[in-house]
């Protein structure tokens with residue numbers, strides 16, 4: 001835990017394990033997408049957005065089928081295409097692959113889930129009060145997650161705390177780069193026009209904290225129930241917090 005006041009002019013937040021419980025993502029969102037991917041494709045196959053995703057997934061499948069026997073090449077006919085995409089997406093979900101078009105498809109599936117009221121986005125109780133204080137200090141708040149920007153917005157628009165999107169300035173996903181690569185954080189700094197040293201990044205993942213720190217950002221590791229354990233080396237290098245209140 002940290003007791004010193006942290007000075008920052010932008011707040012960059014991971015989602016899963018940081019402001020949202022890992023169990024919500026792992027035990028609710030991912031299984032929902034896993035179970036409903038085929039049904040969604042059946043209902044929305046001819047939608048232009050769906051077709052773009054399918055084509056992107058076809059290219060990825062062609063590449064990965066060379067080295068992964070569980071990945072099938074996606075056939076052209078509608079019925080076979082849906083079968084193949086469903087099989088691949090379920091395989092990638094099991095492997096926790098960070099594939100941008102798959103994340104986009106998951107986002108579309110979750111959009112329906114939120115609209116139907118099947119799910120509500122979980123946030124820890126300390127999150128919204130702290131973000132309101134940060135916003136009142138005129139400090140912009142950004143989200144950076146491997147989930148698509150679309151999925152991020154859905155979660156915060158349909159959270160158990162209500163619509164939180166009004167206090168969030170922007171969102172980043174794997175289109176800006178992978179979270180374990182320092183260049184991604186450099187790009188975010190350039191995009192929001194705030195020097196890296198003035199950005200505070202909160203995450204529960206050591207590799208992400210390392211990448212952000214390498215890019216010059218301030219970092220803290222967030223400790224939440226159910227999160228993976230942290231090495232003593234990481235705790236010493238980045239420090240930990242157990243509540244967002246500790247950044248105030």
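In case you wondered, yes, glycine gets a Cβ from its N, Cα and C as well.
Residue 204 (Mg(2+) binding site): 22 other CB atoms within 10 A of its CB, across all protein chains. According to Swiss-Prot, the Mg(2+) binding site annotation covers 14, 16, 204.
Summarising the annotation, Swiss-Prot assigns substrate binding site to 145, 146, 179 and lists sequence analysis as the type of evidence. DSSP assigns residue 145 (substrate binding site) to coil, not to a helix or a strand.
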What count of other C-beta atoms do you get within 10 angstroms of the C-beta of residue 179 (substrate binding site), across all chains shown?
-> 23
For the recorded substrate site, enumerate neighbouring residues of the same chain (Cβ within 8 Å of the Cβ centroid of 145, 146, 179, site residues themselves excluded), in sequence order.
-> 14, 15, 16, 98, 144, 147, 173, 174, 178, 208
For Mg(2+), residues beyond 14, 16, 204 with C-beta within 8 angstroms of the site's Cβ centre include exactly 15, 17, 18, 19, 20, 22, 145, 203, 205, 208, 222, 227
